[in-house]
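Trainee: Structure in structure tokens, see below.
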């Protein structure tokens, strides 16, 4: 029987460190529930000591998730660990993940500690975490640049203190696959009590090696991989969950282990994370990119038509891709709508959410004669993009634009439940709409990114707009979808403004 490879998802913690990817409490819970449906083993929900908002988000995930272990991150400090323990108190299965830096440069320049002091802090942290849960994980930050002798000493000490999992992070993505594999082999051989703990890896993608390093470590005995949906993460990102899982599943001839992940949930969860964070998935992204299973070459197309396995090493349907087919129309009922959402891996938690989504579906069906799966996913995502405690809502928009003339936009916004109106000229319909919104909110933000993607084909297709705003060093993403591209643009802008003008303050550490 093959070993189990534990999948530890840190989209809600490390993934959220991507500039502009901040999530509200409700959005975190929605993603956590999707990860639970995917049968992810461990969900790292956040860093509870960072802020009251993050504490409440971890607490909400702990209350909502029953099948997966919920994890909270904590530095090797008593206050951090206590806060994590409090946030996880109602979890069905809880883990505290504590860490301290072990590389010479970090110990000297950042911690200003001697190695023996670092070891002492690590042991105390693990023992304190064990007061809250038996499931404790320890990470030596920047392990990839740490001295092997000290790394062995500290791992041996924390395992003896009660750590069930020891995680080896390549914090700055510096290692190459064979180097990282050798590091894991060496640690497992030289740490005398290594058989008492699961070895885990957490790889960053600065050199494009995160997935390769993770898989090399698995081949060397690691039995937990820390990763994120779509590879989301700070700088160049983290190891992509979908790539790690499908590499192990597809190459069972080479790997001595497998995961419990329900791979049919990969694409729906990828789209959910993309919609909530505003980070689009590149078309050529493995597994979840729009072109991942597209064949342009005539020879390839001919081969696939004759036998799919000639050029496809996995099935698109297996990972959650569905044919671009007409499925519903304006005469479709509520039960058919609910059933199709479930087939797409979309679960609405309450009847109120279902009713609201169904109403939006009916409105869309009046505009479009053909409704595709992609339309439904965009519709549900768009319905859930509202920021927590949303203060601004787009009530009405009218734009007049003629050839050779300046566009004029008139906007009505609900600001703290009070309707406010404004009009403004612009160099085009979108510019005019944004200026009208700005004249109401006086936002003084900088537009860093504006992009439009067609959700489906056809002249009546929905457009999905992504914007990225910057204000006082903060960055926020927003998304909106509509058959009217100007309306989609205004929705995305208001969505981003809700996030950037009233953000949740966080101060995450990096592991």
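Each residue, glycine too, has its Cβ placed from N, Cα and C.
Marked as Mn(2+) binding site by Swiss-Prot on the basis of sequence analysis: 14, 202, 204, 238. Per Swiss-Prot, the feature domain 'Pyruvate carboxyltransferase' maps to 5-267; the stated evidence is sequence analysis. Residues or ranges marked as region 'Regulatory domain' by Swiss-Prot: 393-511.
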Trainee: For residue 238 (Mn(2+) binding site), list the number of other Cβ atoms lying within 10 Å of its Cβ atom.
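Mentor: Excluding its own Cβ, residue 238 (Mn(2+) binding site) sees 30 Cβ atoms within 10 Å.
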Trainee: Sort the residues of the region 'Regulatory domain' (393-511) into helix, strand and coil with DSSP and give the three counts.
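Mentor: Looking at the region 'Regulatory domain' (393-511) with DSSP, the answer is 30 helix, 53 strand, 36 coil.
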Trainee: According to DSSP, folded down to helix, strand and coil, what is residue 204 (Mn(2+) binding site)?
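Mentor: Its secondary structure by DSSP: strand.
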Trainee: Using DSSP, would you call residue 238 (Mn(2+) binding site) helix, strand or coil?
Mentor: strand
Trainee: What number of additional C-beta atoms lies within 10 angstroms of the C-beta atom of residue 204 (Mn(2+) binding site)?
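Mentor: So the number of other Cβ atoms within 10 Å of residue 204 (Mn(2+) binding site) is 27.
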